[in-house]
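J.: As listed in TrEMBL for this protein:
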type     : residues  : note
TRANSMEM : 7-26      : transmembrane segment
TRANSMEM : 62-81     : transmembrane segment
TRANSMEM : 87-106    : transmembrane segment
TRANSMEM : 131-152   : transmembrane segment
TRANSMEM : 172-192   : transmembrane segment
TRANSMEM : 204-227   : transmembrane segment
TRANSMEM : 284-306   : transmembrane segment
TRANSMEM : 695-718   : transmembrane segment
TRANSMEM : 780-801   : transmembrane segment
TRANSMEM : 808-832   : transmembrane segment
TRANSMEM : 962-987   : transmembrane segment
TRANSMEM : 1008-1029 : transmembrane segment
Amino acid sequence: DVLCVEFLVSLGTAVLTIVAMPFFGIVTNVTMLNSISILSSIFQVGAQCIARERKRFIVPPLISLVLILSGYVLFILSYLLKEDRGMNVWIGLAIMGTIFVSLNWWENYSTLFKSSFLNSISEDIARCRNVVSILSSLVRIMVTAAVVGAYIPLSGRVWSSVTSVPGDVKLVILILVAVQIVSSALCHWFVVVACKMHAMRRSFLLPMYLASLGVLAAFVAPVIIFFQNSSDSRGANYTITEYCNDITYGRGLSGDTFWFERLVRDITHTLCPQHMTDLTEMGLLGGSALCWWLGWMLCTMHIWFLQLQRIERTQNLFVRRMYEGPFLEQSMLLNTRFEIQRKKTMQTDPITVYLCATMWHESYDEMMKMIISMFRLDKYRPRKDTNNDVSFESHIYFDDAFKDVKGSKGRHVNEYAEDLVEVIREVYNPPLPCQSILHTPYGGRLEYILPNGNLLMVHFKDKLLIRHKKRWSQIMYLYYILGWRLTRKYFKKFEQGGDESELREKMMVNKKDNTYLLALDGDTDFQPYAVMLLIDRLKLYPRVGAACGRIHPTGTGPMVWYQKFEYAVGHWLQKTAEHVFGSVLCSPGCFSLFRGTALMDDNVMKRYTTKATEASHYVQYDQGEDRWLCTLLLQQGWRVEYNAASDAYTNAPQDFKEFYNQRRRWGPSTMANTIDLLGSGSLTSQRNSSISKPFILYQILSMAASILGPATICLMISDIDPNVALVLATVPPVVYLLLCFKLKSDTQIAIAAVMSVLYAFLMIGTALSIIGAMVEQQTIWTPSGLFIIGLVLMNIITAALHPKEFHLVIYGLLYFISIPSGYLLLTIYSMVNMNNVSWGTRETGVHVAAPPPAKAITQRILQAKCCKFLCWDSGKVADQNGQLPETVVLANEPKVNPNLTSQDNNRYLHFECLELSLGVLQEEEDFWRELQKLYLEPLAEDKEKQKKITNDLKELRNKVTFIFFICNAMWLVATFTLQAIGTSVTIKIPKSNLNLTQTREYLFIDPVGLMFLLGFASLLLIQFFAMFYHRIYTLIHFVAFANTESKTEKRQSDDGMQVN
């Protein structure tokens, strides 16, 4: 059935454009194309009748149908009045062709007629869209060839008239074909961009409506101008009929004319068969043209009111992937999705986003950034607004929040937890209203109602009650939000006798798909628009399991400057390449949005709870938990995306030691997860459509470049002086490698810092030596010269395409001279210290004093406007100095309150001057205890097991370091051997000077080095083109966001939160 329709459409297109249209004038042909909307008008009338909406919705397509039919009648009458019987056949073929072509968009209305047959066909086409497109193209080629083959002999022509075309005419035809193809493709792309940017009315509809008029004006205006010029020279009595006769018979016209004048003659020649002085004929033709144009406009008027998401997929905008080149503007409008206009718009289910921040030893200022960001979101989407498309709820999981105090039986919250409460009090303006203070099986919980109604929960974890560290905090909020909050009410309804399939459908479709989790670190700073852009990515593509934004490191000092450029290059090139060609491999835990359905998939959330039992587990699971979670998502078929316009800011290590310790975790974890993903590459590519075999090859090449990075740095430095190349390339790294096995971590870092300074001077010397060699040889056309120049230009162009970040190019100089430190010394340090699985940062326990003096939590609570909980007890606990501690106390032996049950008295938090005996619901308490029992019980110390793991980690470290050493040593030996052998095994390249004139000298390059250089350059070029493509679509998304947000929301998003 589909192929039959395609056959009729192809036949109509060929007959209309090849057979019929040559017999009509340009004006008639241009306007006749608007009549191909006739069947679309009929379908719209039928669909509106079936929908039984308001009668006014059926008026535009009904009038459109009447106008198009009237246009046909006027068109026929204009030729019948001439009594030219020879035109009857071509008129009939033209009308038949337009009707056949109008079948092309039947699929736009197939699902509106409530026909199971049509619905099944549409579903089959959607599943096999690529196959249908290929078969449709083949049918069109064959039908067009058949029409041409039949028309030439039937019209009395011979094939030689077609094949014997002069060379200059062939060139013109080829140019016109190329212009048609390129312009049509660009028009289609810009239409898609305009729709996605929500500029549909001004950048799509109006230009398309005016295209026909513009074409007519472009054709007719020169004819009128030339006629006026001729009448001026021939006299006032010179008529248009005489002008047409002169053009037809070539009288009084020079043969040596400009190409534009010849083009105007051809246009005039096509208009001359019409009797331009016959007002009746011209009126009929003009009336038919106007009727067709107005009918086409009314038929596509529904697009004016089409409701779009913030950013739409192309397949949701247009029914067919292909556009029709012969009638481009008509096909683009008729191919746009048609929707029944209803009295009330359908409300979509709102998205619920849970902000989940993990905290530990953040400073006061770092906490302030994250809390202000949460308050911004509360202001941006108030819970009071019932029309919100997104609702937010914030959770903070505070690790290791309690401490022992001498002289007290209870556990007190530490100074970091106190600072967090102080920050919330300071940011909250006006003073804090009612809040809940709950005792929980894992410690305690504070619940705040933010100024605009959204909820903020602070979960204080006691490491004696529940497992600590970041991954286990993530498991806490994954199971609490997705396992308890999300599914509890459905289980209750099921226990009350609800239908299982209906409840499962509601839970699976409505709630899980519309529940997102925003993972945050305790120092992340972001604006509301950044979150909304990530939400758009997940709403747009149902198979996107996570999306991350552009992370900006903050801080001061050379180490932060280095990281600013490092982060920039990583996001500009590496993450965009992963996004475009496959999938992002790591969505950082400091600012990433996850889909609830993806996290609840098989072997994702459950496997994420796996406790490390082997040495490799400690490296892969706990050293880079965000990368491992993304690996699990990818292996289950989910896609991870990157949005460059979604900005977030996080504190970066500011001293050398902290930086090295951070990267000591990240380096091995990145490699372990990449190897895990590549090891399951065949299975992953079957499950995940984003992970293709070429993308796996790209990752393999990137991994190879990373492994050979130390040797490559050595070779680059050795170019300074070939006589001491071997010493400079091998001795310092080998010595540092041996020292790392013997010395403590702090000493290793101190040595690396000194060597980094020395290597920085060597890098400056290397750069100067390359420049000097180009000057001495009077050429830049060497592999090293071209590579350096190309690398500099690529980074400058890339930065220019990120105008707000262009200033980061300045830090590129520091990044360049620090390459040996980051890619040689840091690699050695990371490999040798792989057995150290401590966190490495924020482990000092040194408390950063808050700017304002911290007040007692009791005073903060009593400052609330209204407090529903009475101060039942004013017992005080003195510390060893006799001073009252300004801390929260978790009492082990609470006093019994007669107004509460014994069960409630066993669960409460003890404050100075305030005891709130309030606990969570019994069901929630049971949930937490079961979760603790299954996954989160504190790990018992087993010295024998710890000793075994320590030995296993050292053994793993030794194996990995040996492999790294051997690979890099073999690379160095191979390169130096080829250089020592001489010209017999090198590639000889003719030397050219600056103006590309070849000299009689030659350049000798070893093949191994050239191969690596070409491979690395190829990776950079791939990343550069991916970046350029990604920038275009990032701009489209950002403009769409700006066009769809209200002025108030945009002002709230742009304005920072003022802290009083």
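Including glycine, each Cβ sits where the backbone N, Cα and C put it.
No curator has checked TrEMBL annotations; they are predicted automatically.
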J.: Verify whether three or more Cβ pairs under 8 angstroms connect the transmembrane segment (7-26) with the transmembrane segment (131-152), leaving out any pair fewer than 6 apart in sequence.
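T.: They do touch: at least three Cβ pairs between the two stretches lie under 8 Å.
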J.: Sort out the residues at least 6 away from either end of the transmembrane segment (695-718), same chain, that have Cβ-Cβ distances under 8 Å to it, and list them.
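T.: That would be 577, 581-583, 585, 671, 674-675, 677-678, 681, 685, 725-726, 728-730, 733, 759, 762-763, 766, 819-820, 823-824, 827-828, 964, 967-969, 971-972, 975, 1009, 1012, 1015-1016, 1019, 1022.
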J.: Rank 62-81, 780-801, 808-832, 1008-1029 by Cβ pairs under 8 Å to the transmembrane segment (284-306) and hand me the top one.
T.: 62-81
J.: Report, as numbers and ranges, every residue of the chain located at least six residues beyond the transmembrane segment (808-832) whose Cβ falls under 8 Å of a Cβ in that stretch; write 'none' if there are none.
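T.: Residues 558, 561-562, 564-566, 568-569, 660, 663-664, 667-668, 709-710, 712-714, 717, 733, 736-737, 740-741, 748-749, 752, 755-756, 759-760, 762-764, 767, 795-796, 799, 957, 960-961, 964 contact the transmembrane segment (808-832) from elsewhere in the chain.
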J.: Can you name the far-off residues of the same chain, 6+ from the ends of the transmembrane segment (1008-1029), with a Cβ under 8 Å from a Cβ of it?
T.: 572-574, 576-577, 579-581, 698, 701-702, 705, 708, 712, 715, 783-784, 787, 790-791, 794, 797-798, 801, 971, 974-975, 978, 987
J.: Which residues of the chain, 6 or more past the ends of the transmembrane segment (780-801), have a CB below 8 A from one of its CBs?
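T.: Distal contacts: 568-569, 572-573, 719, 767, 770, 773-774, 808-809, 812, 991-992, 994, 996, 1003, 1005, 1009-1010, 1013, 1017, 1020, 1024, 1027-1028, 1031.
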